[in-house]
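Reviewing the structure listed below.
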Amino acid sequence: MGARASILSGGKLDDWEKIRLRPGGKKQYRIKHLVWASRELDRFALNPGLLESAKGCQQILVQLQPALQTGTEEIKSLYNTVATLYCVHQRIEIKDTKEALDKIEEIQNKNKQQTQKAETDKKDNSQVSQNYPIVQNLQGQPVHQALSPRTLNAWVKVIEEKAFSPEVIPMFSALSEGATPQDLNTMLNTIGGHQAAMQMLKDTINEEAAEWDRVHPVHAGPVAPGQVREPRGSDIAGTTSNLQEQIGWMTGNPPIPVGEIYKRWIILGLNKIVRMYSPVSILDIRQGPKEPFRDYVDRFFKALRAEQATQDVKNWMTDTLLVQNANPDCKTILKALGSGATLEEMMTACQGVGGPGHKARVLAEAMSQVTNTNIMMQRGNFRDHKRIVKCFNCGKQGHIAKNCRAPRKKGCWKCGKEGHQMKDCTERQANFFREDLAFQQREAREFSPEQTRANSPTSREPRVRRGDPLPETGAEGQGTVSSNFPQITLWQRPLVTIRIGGQLREALLDTGADDTVLEEIDLPGKWKPKMIGGIGGFIKVRQYNEVPIEIEGKKAIGTVLIGPTPVNIIGRNMLTQLGCTLNFPISPIETVPVKLKPGMDGPKIKQWPLTEEKIKALTQICAELEEEGKISRIGPENPYNTPVFAIKKKDSTKWRKLVDFRELNKRTQDFWEVQLGIPHPAGLKKKKSVTVLDVGDAYFSVPLYEDFRKYTAFTIPSINNETPGIRYQYNVLPQGWKGSPAIFQCSMTKILKPFRERNPEIVIYQYMDDLYVGSDLEIEQHRRKIKELREHLLKWGFYTPDKKHQKEPPFLWMGYELHPDKWTVQPIQLPEKEDWTVNDIQKLVGKLNWASQIYPGIKIKELCKLIRGAKALTDIVPLTREAELELAENKEILKEPVHGVYYDPARELIAEVQKQGLDQWTYQIYQEPFKNLKTGKYAKRRSAHTNDVKQLSQVVQKIALEAIVIWGKTPKFRLPIQKETWETWWTDYWQATWIPEWEFVNTPPLVKLWYQLEKEPIMGAETFYVDGASNRETKVGKAGYVTDKGRQKVITLTDTTNQKTELQAIYLALQDSGIEVNIVTDSQYALGIIQAQPDKSESELVNQIIEELIKKEKVYLSWVPAHKGIGGNEQVDKLVSSGIRKVLFLDGIDKAQEEHEKYHSNWRAMASDFNLPPVVAKEIVASCDKCQLKGEAMHGQVDCSPGIWQLDCTHLEGKVILVAVHVASGYIEAEVIPAETGQEAAFFILKLAGGWPVKAIHTDNGSNFTSGAVKAACWWADIKQEFGIPYNPQSQGVVESMNKELKKIIGQVREQAEHLKTAVQMAVFIHNFKRKGGIGGYSAGERIIDIIATDIQTKELQKQITKIQNFRVYYRDSRDPIWKGPAKLLWKGEGAVVIQDNSEIKVVPRRKAKIIRDYGKQMAGDDCVAGRQDED
């Protein structure tokens, strides 16, 4: 504010503060008006600094004047303020704003006359304002001055903020003052993203251009020399004219103002767009009943600006419609002001009118004039009742005891007795806030199971007993309730009709009220006065004793109170006589809320016809279920339906009801499966006493969510449609509905929780309705606990039938047979069949799988092969010889029953694995030899090319996972593989697999590696450069090799692929070489297969290669990038490419060019992604005009630890971009932030830490990075913050160079994006994933992932592994900035790494080393030595 106050100084400020805002008004100008004016100018993209001089004020006035006619009130106020300020600067004496405007008008008229005079004298020396696009140079020639970015930015901002509201038109008019058609088109292009609006504008311009051409026909004949041609419509729109022509027309004699004409056309188009975006007519703008007048005026003028009418019409609208459409409150006031009132007077008069506050004031005024009017809120019960306030203390009316001025009366104000106060009075009253219970004489009754299960799961309702006038209070308090009581549900208020004194009345059954209170009714007999306390205070009543009342055909006699009660109440004094009880039947389990999937409705599927016997069976079943409250009848108002049918139970004449809930299941929300698998007996601890229970009708014991029940509706049809079908819906969890298992499990867990907490010594395994209960208690104690558990379940409505209560072993549980000290699967009988169908085989495989968990050695691979492919279930499948053999072996294994033992937590687990051949493995898990806890098999082949070691590692992982699930720990393994073999393979593949502790066991057949690849080239052996190529269209290919000794060979192949030809070339080299050979390939595919050392494969060609490899003594295989200019590789490339390869990379050129136009990828990325020769890729980059700005990056010594990021703010287009760089990889995260504050930086750091492992950040000393918010964020996320040191090369080098790089990429893609924030994210994507180079030839995105993954692996696996030579280290010496390497990694510590470079062992600080996996690029030549961090 201080800055703006300096616009005026000293005496001028005093003059400013004497000027009045309005003639005769009280308010005067203040400093705040200057501050406001400068902010408004800033908003309209005008320089606020112009306010400091008279000349500047004049320039502002010239700019604002054209917008006054159509502008907002703010523009007019701004114009008035600047006009007044101009007068103060010029020392022109004025008293108020009006005088200032008159003076300005006078000056402008004088200037106009002078200008006209000067024009006639041809002495026009006046300076044109710099804001106009056409200015005169020193020679007096008109020159175009392009629109400033500030003006364009202001225009874009207007459209972004206002969309196409009416304000846009005056803003456009002001910003485009004097512009040429080219400038106007520039303005339209900046908002080209609004395509619909631009299309409408284009149509209007085309129409106007056509109209111009019609009215101004072109003159016949050529244009005379020196004469300017006449503009056509398309010339005015700037499409067929150039800038010089436009300037010529605008400054010619006579001038043709093409800019103004085009501007007029655009404004016509903008008017149409505004009408579309603001479709409300001025006639529809009416003030709401509670809408403040100010808001109504805002809406009115906004709509008025959008109206396409002349200013006179708009003035008429303001005068008439504004008052006419106001609400009645405001209209009254506005009419009173008269017709000549200004808008300001109207707004002042209507301030505060029309809102709730105004209504309250009017009401208060009205209320103050009404004396003693009672407003009663209740029904008609209080018709003649006038409540007079009376003091308890002095007895006078008009005040209450709390406000009484008389001396305090002794004793109780209610009963008059001394010794207590009224609040402690024990005199009888209807005490709504009582603490005594309803039935003190007996405890809450417990239900018998039968009764519990007979009631509806939803009802929580009072029941009135017929018969005895008093409740039974037998010794056990167990009395059975007959089912013919009236039931009153509590979904609505329990209102009943009662007969009292020969009259019928409606009354509320209130178990919370002590007394029965009725409203005015005439009763015979004597009464005595009484006062009772209620919710609304104290009321006076008449007490009648021994009054007979009849409710629901039952009679009771008791005390009744008559008085002004809001509702008739039957209290407990009557209810207890009637034998009314509150019942809580079935399980009081909370229902789990369930919904349909969003946007879906319930099922509406018609019932299909059923046979007579099925209809009878279903009718009977549903009648029983209805009686038990499990289903309820519903009417035709429920539109949903699910089909129902019936099937006969196994080995029984009884029927089972089945509802086809498939459609409802599709529409029901998804549930999280509470239990992810079934418990396994091998995980059970050995227990002294065991019981197995089963919950009867498990699902039917749990209520279904009330609002969901309607969707379970079904219909029992009648025979021959004799009558409408009977409609039901479920009240409990239905069988076959997808939510039932999860909700049941969840409810059961909640119910068992208190029992488990009370009895920690008891183990309960719960799976659906099967319960295994084990303990180390004596059998009698154990059985007492079981009884307690069953009672606990019964209390919640879960019935455990005796029929399924297993007390003695063997226990049948979950398909297992449990004995006290061992377990097995329930007996398995394999069928004997002549013909096997697909379905039979599926069942057989299922049984064998089930048996394999305890019977070792079971195989099913050959049986599974029989049912591969799409076959019908009933198709007959002939058994192959192998399958018959496998089945016979399995039958033999199953002849002898095998048992498993139980788990002893004190002993360790051991897992032993055997290889069965044909990719099948078997294993046993035990704690004592020959006493298996469980067994299993493994027969998966996860990849096409594999070897036994790889498969063994997969077996071990499967067992480890299984053990963690069952026992919560991993076993110690005994594996049939020698330590040396394992170590050899593990050295190469330790990254891919984790193996727990293990030992060698000599169980043939042993696992071994059949051949081994060398790590270094074999000295003296011939080197074969191999390559293959294939044409995609003709499928013709070539494979061949060239050796370092000059040998070469090429063969032609048909019906092949690139990958096959590469493998074929390796096979040729192996065939034609000696017992030792070096092979160099450019195929990552071939390298990947062979480096994994497979000993079997689904590919015949790979099997042939394996056979050749086994014959060799030594083989070295290496990879080089394709077409790298490496001698032999380039030769063989030419050899196999003749007539083949040409096609391959040519079809990549177009795609690469297309990608480069989008992402400006560097040549390495294109060569790699599109298989292009470097020459072609470099040519694409060279021909791109945006990629020729590259400079060299400077390199200091930077900390390259994996967790270090550098942060910095950079500026572009007047906006702030916060950039974070991962130092080790060059990966970037960047974002446009609203302001350079600590809050924004802290939020960015937290977001960064949420996505990547950030250990330390390095920033400059800017106030945003040194702020408390950033420190707090770093403290919370455990990030170390370091600050840059000025003049230190290690300071902020990486992020500074990345800022430059990012800005360069933004420049390349800027025109593809409308907003800077979009361009920034596009540039980040391009830098991270579309630019390759530097270490490993990766992109920054690939490099960061590799570095982080490598860091994790080296940290975690170092504990178990010592041979980590497979990683390569690139490092820098203290003085030399060039990266050296690759060196071997010997050890990785916290602060340093030990490496071996050639024969020298060095210790390098961790921050000066980068560790990455070696992918066999040792022979790639100089090109593979790590370059700089960015691209070459």
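Each Cβ is built from the backbone N, Cα and C atoms, and glycine gets one as well.
Quick look at what Swiss-Prot lists:
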BINDING   D1027, E1062, D1082, D1133  Mg(2+) 2 binding site
COMPBIAS  460-469  compositional bias 'Basic and acidic residues'
LIPID     G2  N-myristoyl glycine
REGION    7-31  region 'Interaction with Gp41'
REGION    8-43  region 'Interaction with host CALM1'
REGION    12-19  region 'Interaction with host AP3D1'
REGION    73-77  region 'Interaction with membrane phosphatidylinositol 4,5-bisphosphate'
REGION    189-227  region 'Interaction with human PPIA/CYPA and NUP153'
REGION    277-363  region 'Dimerization/Multimerization of capsid protein p24'
REGION    443-482  region 'Disordered'
REGION    486-490  region 'Dimerization of protease'
REGION    534-540  region 'Dimerization of protease'
REGION    573-585  region 'Dimerization of protease'
REGION    811-819  region 'RT 'primer grip''
ZN_FING   389-406  zinc finger
ZN_FING   410-427  zinc finger
ZN_FING   1147-1188  zinc finger
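Among the binding-site residues E1062, D1082, the residue whose Cβ has the fewest other Cβ atoms within 10 Å is D1082. Residues 1, 50-51, 60, 74, 78, 81-82, 84-85, 88-89, 91, 94-100 of the same chain lie 6+ residues outside the region 'Interaction with host CALM1' (8-43) yet bring a C-beta within less than 8 angstroms of a C-beta in it.
Residue counts for the region 'Interaction with membrane phosphatidylinositol 4,5-bisphosphate' (73-77) under DSSP (helix as H, G, I; strand as E, B; rest coil) come to 5 helix, 0 strand, 0 coil.
Counting every protein chain shown, the Cβ of D1027 (Mg(2+) 2 binding site) has 31 other Cβ atoms within 10 Å. Each residue of the region 'Dimerization/Multimerization of capsid protein p24' (277-363) gets a DSSP state, and the totals for helix, strand and coil are 57 helix, 0 strand, 30 coil.
If you average pLDDT over the region 'Dimerization/Multimerization of capsid protein p24' (277-363) in this model, you get 78.
In terms of DSSP helix, strand and coil, the region 'Interaction with host AP3D1' (12-19) has 5 helix, 0 strand, 3 coil. Taking DSSP states H, G and I as helix and E and B as strand, the region 'Interaction with host CALM1' (8-43) has 19 helix, 2 strand, 15 coil.
Each residue in the zinc finger (389-406) gets a DSSP state, and the totals come to 3 helix, 2 strand, 13 coil.
Broken down by DSSP into helix, strand and coil, the region 'Interaction with human PPIA/CYPA and NUP153' (189-227) contains 23 helix, 0 strand, 16 coil.
Look at E1062 (Mg(2+) 2 binding site): DSSP puts it in a helix.
The DSSP secondary structure for D1082 (Mg(2+) 2 binding site) is coil.
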